[in-house]
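Take a look at the structure below.
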Amino acid sequence: MSLRLGVNIDHVATIRNARGASYPEPVRAAELALIAGADGITAHLREDRRHISDADIAVLTDLCHKRGKPLNFEMAVTDEMVGIALNARPHAACLVPERREEVTTEGGLDVIKGQKRIADATARLRTVGARVSLFIEPDPDQIRACVTAGAQVVELHTGAYCDAARAGETARAEAILKRLKAGAALAHELGLEVHAGHGIDYATVKPVAAIPQIAELNIGHFLIGEAIFVGLPEAIHRMRALMEAARVELEVLA
């Protein structure tokens with residue numbers, strides 16, 4: 001199975017908004033990312049509009065449509081966001097948990113607890129052809145609940161693994177990676193497409209990319225940060241090279 005790279009450009013907007021300016025433009029970063037080999041663009045329109053704006057979603061949708069690449073619209077499970085997505089008609093909609101006081105998304109959706117609300121949002125989004133993904137922890141019960149909710153895709157939260165690996169907590173990182181592998185296998189077995197993301201950098205990407213059922217990685221903050229030093233195309237090229245190396249090694253082991 002080939003492995004796609006979705007580039008999240010939220011933090012280009014973070015830099016823009018730090019000065020209340022009109023630049024740097026997220027759409028320009030998105031275009032550079034696609035030229036550099038990204039398979040799609042991810043953008044999270046948060047309820048507080050702390051980075052990506054409604055206007056950004058409009059121009060990103062137009063760019064991705066013109067280039068024949070998917071826009072993955074990350075969003076909270078609210079009537080407002082569902083309405084915006086229904087109007088934008090993105091290729092994909094990824095439902096994520098959201099709390100105003102958090103710095104970034106801190107965990108996965110509780111699909112079991114929010115089953116009706118999530119299922120209703122999923123059904124509405126699918127009426128306009130959006131491929132619905134649910135951002136979750138690699139928990140078997142949550143994965144099964146995604147099927148019940150009508151999702152086509154799960155995105156497994158890799159943040160805890162990446163944090164443990166960077167902290168040198170090897171045993172904890174290996175335990176979380178084991179859960180990610182089991183979760184990906186179960187989701188695939190249940191007919192769900194499997195994505196993964198959050199906190200991935202050059203040091204942590206290969207073990208995640210080596211999970212054979214994963215079809216897509218969504219990476220943003222690290223790539224935008226690395227782009228400050230080496231440029232966005234080079235940052236993407238190196239990430240893709242590591243992803244591809246992990247898949248080649250997987251084939252050799254098989």
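Cβ coordinates come from backbone N, Cα and C, glycine included.
The 3-amino-2-oxopropyl phosphate site recorded in Swiss-Prot comprises Asn8, Arg19, Gly220, His221 together with one of Gly37, Gly191, Gly199, namely Gly199. Sequence-distant neighbours of Glu155 (site 'Transition state stabilizer') (same chain, six or more apart, CB under 8 Å from its CB) are Cys94, Ser133, Leu134, Phe135, Ile136, His195, Ala196, Gly197, Asn218, listed in sequence order.
Reported as a whole number, the C-alpha separation between His221 (3-amino-2-oxopropyl phosphate binding site) and His198 (active site, proton donor) equals 9 Å. It is His44 that, of the recorded positions His11, His44, Arg46, has its Cβ surrounded by the most other Cβ atoms within 10 Å.
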